[in-house]
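Asker: Take a look at this one; I'll ask things after.
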Amino acid sequence: MTPRRRKIRPEPSQLHPEDRIGDAATTEGELDEEDESERRVRRNKSRRQLERTHFQMVNERVVEDITVDFLYKPHTLTILGLLVVFISYKAFTGFTEAQNATDRNVYDGLLGTLALFLVVSAMAFPNGPFIRPHPVFWRIVFGVSVVYLMLLQFTLFQTYTDVKTVLTWLDPKGLGQEDLVEKEYAINCSDVSLERIWSHMDIFAVGHFTGWAMKALLIRHGVLCWYISIAWELTEIVFTQLLPNFAECWWDAIILDVLICNGLGIFAGLQVCKWLSMRNYHWESIKNITSHRARFKRMVMQFTPENMDDFDWGSFTQTIKRTMAVYVFVLIWLLTELNTFFMKHVFSVDTKHPVVFWRLILIAFISAPSIRQFYLYATDPLIKRLGMQCWVYLAVCALEAAICVKFGIHMFPRVAVTPIVVWILFLIVGTFFCVWISVWWAKKSSATTEITIDGENCDIYLDSSHENLGAIHDDVRRRRRDLGFSESDLN
């Protein structure tokens, strides 16, 4: 084995003066490069740490201004004791010799499992982006969404007969029917009169109004709400070939749905948003309030949002990214609506059944923090990944769609591809048009200002920056300063 020769570097005193100067310059250059490399590594590490901490601050918020200490203490031992007593009581007093003991015991066991999981969720899951009325409420919502996700995953691997058997076991009369008779709306459309229009103002019209009022509270953007409302009517036309119940008269779709019910609902929801965003919030401690009326008012305010900031879905910067985010948002929203109708049609569940109503309520509660997390992901440069509640919501939509395709593929006639392609193209063009309208309206309503950045004139929103995205409040900035992050780290 040949020994390796070691290269010996001569001492500076042994070098020629010119060589010593050149060697010193080389050494200084290498040191500068090493320092720059180390600074770059430290800066990247600090940036990653900032992004991780910032994500936790805005997606797993902590209540710092606590007014009633008792409501924010863990009480883990007390909850454990009560839970053990309750479950033991139900277990030892269950049906043993009754005729339907097995069915009843299985039902109680499933409810006990659900209750236990929700208790664990309330104690262990993250708070999420909302802290009103209480973080425990949103932890339980997260827990229910995970249970629903697991239930959908289990259902996807079953047969239609087995799924229908379970539904019949839960409710033989309401969920056990094989055929679904639905009301037809596209009848004698040429007969247009006030009496005919008024006859269509049923419970579903009220549902349209209240539904869009709630959607406006969640989306908080008038142009986007109107765009989704119009896009849904086009979606009904495209999928009428699969769901005949979507067929309706032109005046029913345009006048009753879009203009009256949806329009009034959007207006009412946005007015509530405007009122909540303009009002002054006084979150002083209830212990410092003397009068009973003021105490009651403060208690009621606990069930209102901590704040109500507008969502600016249009943007002057990162146009393509923001537009794609709006397109995905609209597509997921329409898919959620389609899943509702397809699932009740595939499994023959009447619209008036409570399971349809409670699923809508569940989706509404899940979508509230999911929209906030998706908005932060689309607009905040420090957020590099989706929040978990939004991730679960997207998984729920995907599994519901997969269930509809698997169990309903044999029920539907051959699908015409052309209308669906036109529908997708319409959503793409409509999204760009929606963003353009949003930017134009923002300029017209004086919600923007022109500033100079690097010698270029740019328009920015007055109330939409990476420091005011609807979730980054004073407590987040204060905690960020306590952790030693400077404002220059955000740039």
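Note that Cβ sites are derived from N, Cα and C of the backbone, with glycine treated the same way.
The structure displayed is predicted, hence computed values, not measured ones.
Reproduced below are the annotations present in TrEMBL:
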- 1-46: region 'Disordered' (REGION)
- 106-125: transmembrane segment (TRANSMEM)
- 137-157: transmembrane segment (TRANSMEM)
- 224-244: transmembrane segment (TRANSMEM)
- 250-270: transmembrane segment (TRANSMEM)
- 324-343: transmembrane segment (TRANSMEM)
- 355-378: transmembrane segment (TRANSMEM)
- 390-409: transmembrane segment (TRANSMEM)
- 421-442: transmembrane segment (TRANSMEM)
Asker: Sequence-remote contacts (6 or more beyond its ends) of the transmembrane segment (324-343), Cβ cut-off under 8 Å?
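Answerer: Those are 224, 227-228, 231-232, 235, 239, 242-243, 245-246, 313, 349, 356, 359-360, 363, 367, 371, 374, 377-379, 394, 397, 400-401, 403-404, 408, 427-428, 430-431, 434-435, in sequence order.
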Asker: Below 8 Å between Cβ atoms, which of the listed ranges 106-125, 137-157, 224-244, 250-270, 421-442 makes the most pairs with the transmembrane segment (390-409)?
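Answerer: The stretch with the most close Cβ contacts to the transmembrane segment (390-409) is 137-157.
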Asker: Within the same chain, where does the transmembrane segment (106-125) have neighbours whose Cβ lies under 8 angstroms from its own Cβ atoms, ignoring anything closer than 6 residues to its ends? I mean 6 or more beyond.
Answerer: 74, 76, 79, 83, 87, 90-91, 94, 136, 139-140, 142-144, 146-147
Asker: Can you name the far-off residues of the same chain, 6+ from the ends of the transmembrane segment (137-157), with a Cβ under 8 Å from a Cβ of it?
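Answerer: Cβ under 8 Å, 6 or more out: 114, 117-118, 120-123, 125-128, 130-131, 163, 362, 365-366, 369, 388-389, 392-393, 395-396, 399-400, 402-403, 406.
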